Amino acid sequence: MIAFIVLLSLAAVLQQSSGTVDFASESSNKKDYRREIVDKHNALRRSVKPTARNMLQMKWNSRAAQNAKRSADRCTFAHSPEHTRTVGKFRCGENIFMSSQPFAWSGVVQDWYDEIKNVVDGIGAKPPGSVIGHYTQIVWYKSHLLGCASAKCSSTKYLYVCQYCPAGNISSSIATPYKSGPSCGDCPSACVNGLCTNPCEYEDTFSNCKALAKKTKCKTEWIKSKCPATCFCHNKII
């Protein structure tokens, strides 16, 4: 069977002073800034070009935020262990940003998204080897649970972390993080402002679950346990 391989990447360290803010005022513990973070992500997901027919709306998740806070508090410019990045049945992806000065959350998210300049739709990174993983995670179609946190590690070191569940950046699909087409084309009866609102509560273990399910009709317990999204999430984004 073919297991999913998740790719991770780290943001470059920023030294410039433009866009800096008071760190305490931007705490992700505050409801207003949680909304800012979610709205920024959804605005970027909604505005992708070409448009997406299967892009899910993101929502704040307190467990993902707790995990992100633990990751940020390590004050290490490295991804947290995979086993610490889970929410329920989902494995979660992670974006990390480090700066010498505090930044507004909207600026942090925009910096990740700006890797789009190195992306060619359907091809992937151009030139080859360019960092694009933060952008692709932000626009990964089925990542719909979001939690973020920050840490002041010293007077010249600030870490910002967001976790995304289920994880994006599956290596075999990195060039196509979403399905292009009319907005909400795959969710016409579950659409809010250009984003789908019908996520699947399960995650498949294997990348060839569609073929396995077609062959077995999802009649065996093994298939149901390994391919629950394909077997049970009809009329949902999987």
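Cβ atoms are placed via backbone N, Cα and C, with glycine included.
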If you pull up Swiss-Prot, which of CYS196, CYS200 shows a disulphide to CYS187? CYS196
Choosing among CYS153, CYS162, CYS165, CYS184, which residue does Swiss-Prot name as bonded to CYS92 by a disulfide? CYS165
Taking CYS231 as one end of a disulfide recorded in Swiss-Prot, give the other end from among CYS209, CYS218. CYS218
Please list, in sequence order, the residues in the chain of CYS218 (disulfide bond) that are at least six apart in sequence and whose C-beta is under 8 Å away from its C-beta. LYS224, CYS227, THR230, CYS231
Considering only the disulfide-bonded residues CYS162, CYS184, CYS233, which residue has the minimal Cα-Cα separation from CYS92 (disulfide bond)? CYS162
How big is the Cα-to-Cα gap, in Å, between CYS191 (disulfide bond) and CYS200 (disulfide bond)? 14
Reduced to three states, what secondary structure does DSSP give CYS231 (disulfide bond)? helix
CB neighbours of CYS196 (disulfide bond) within 10 A? 25
